[in-house]
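Read through the structure below, which is laid out as C-alpha cells, and then see the notes.
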Amino acid sequence: MNKRRWIAVGVACGLLLLSIIVALIPGKDKEEASNTTLTGINKIFYGSNEITEETLEEGASNKKIVKLSVNGVIADTGESNLFSREQYNHQNFLTQLKKIQEDKAVKGVLLEVNSPGGGIYESAEIAKEMAKIKKLDIPIYTAFKNTAASGGYYISAGSDKIFATEETTTGSIGVIISGLNYSGLLEKLGVTDATYKSGALKDMMSPQHKPSEEENKVIQEFVMSAYDRFVNVVAKGRNMDTNAVKELADGRIYDGNQAVENGLVDQIGYSEDALDSLKKEKKLTDATVIEYKNDTTGFASSWLGNKIAEWQGLKATTSDRVISVFEKLGFSDTPKPMYYYGGL
C-alpha cells in the first residue's frame, strides 16, 4: 500500500473515531463537542495556522529585521492562509504587520514587493499599518522585484528607502474602473432595458444602457478623488511636491532607472542590497533576520487534504475561488476602482 493510501486510511479512521465519540454524547452538547473534536483533528492534520518565526540569519535576539513579502494581486479573497492557493493572502499579511508593531525586538523591516497592485481599500489598509510601524521608529527598506506598480507602489511609497532593479516595472500611479457595456448589442437583438430606479444615477455603469454625460462626470470625479489620495500618498512618502507627482502620475510605467531619475526609487539594487543597506545605515549588522511562516503540516496542499477541507467548508472550491478573484478585481456586476496595472 503506497503512502497516499496509508494517509487516506488514517483520515478515514480519524473520521470514524470522531463519529463514534460524537454519537455517544447526549443532546445539546453534541454539536459543541463535534466542533471541538473536529478542530483538534484538523490541527493534527493541517497544523494550527499560527504565525511562527523562521530565522534566515542568526544574530542578536534583541534585534530583529523582519522580511515581508507582497507577491501577487493585492486583494482580500477571504480565505484562510492555511487553505489559500493565492500567492498573496491579505488578512495574513495584515496580521504580520500588526505582529511587528507588538514585538519590541523588531528594529527594521525589509519589504519585498512583486505586485501589479489591486484594490484601493486593501492598498490603503496596508499603507495604514505600515505608517504605524514607522511611527514606532522602525525603518522600512523596500525592494521591488519584477513588478511593483500602481497599488504595489502605493504601499511602498512611505518606505525609508526603495530599491529596484533596472528590469523592474513600476509606476502606473493612478486609478482605473473597468466594465463592459453591451447596450448596443441588446439594441440590435431587440432587448429593452426595464430598470426602475429612485434616481437618475442609481444604476451608474450599468452595462445595459449608454452612460449619460452626467454619469460620466460623476464616475470621473469619483476616480479622481481616489487618484488625489494616491498622489498625496506618494508626495508625502517621497517628500515631493504634489504637482511634481502629478506630472509622473498619468498611469505610465517606468523601469528601475527611469524611476530613480524621477525620484520614485532611491537606488538600483536587489533584495540583498536593500538588506545590506538597512543593516549598515541603521546599525543593525548584528541583527537576526527572520520571516513569518504559518504553522502547517503541508497536508492542505495535497489532493486528499484539499477535498476534506472543501467537505468541511474550511476551503473554497476551485469555482468559488475563481468567482471570488473575479469579484475582487471588478469582474462582477459592480465595477470597482483599482490601483492596478495592466487593465482589467
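Cβ atoms here come from the backbone N, Cα and C positions, even for glycine.
Residues or ranges marked as active site, nucleophile in Swiss-Prot (evidence: similarity to another entry): S150. The active site, proton donor/acceptor annotation in Swiss-Prot covers K202 and is backed by similarity to another entry. The transmembrane segment feature in Swiss-Prot is assigned to 6-26; the stated evidence is sequence analysis.
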Cα-to-Cα gap, K202 (active site, proton donor/acceptor) vs the residue listed as 'active site, nucleophile', nearest whole Å: 29
In the chain carrying S150 (active site, nucleophile), residues 6 or more apart in sequence that have Cβ under 8 angstroms from it: P116, G117, S172, I173, G174, M338, Y339, Y340, Y341
Cβ neighbour count within 10 Å of K202 (active site, proton donor/acceptor): 10
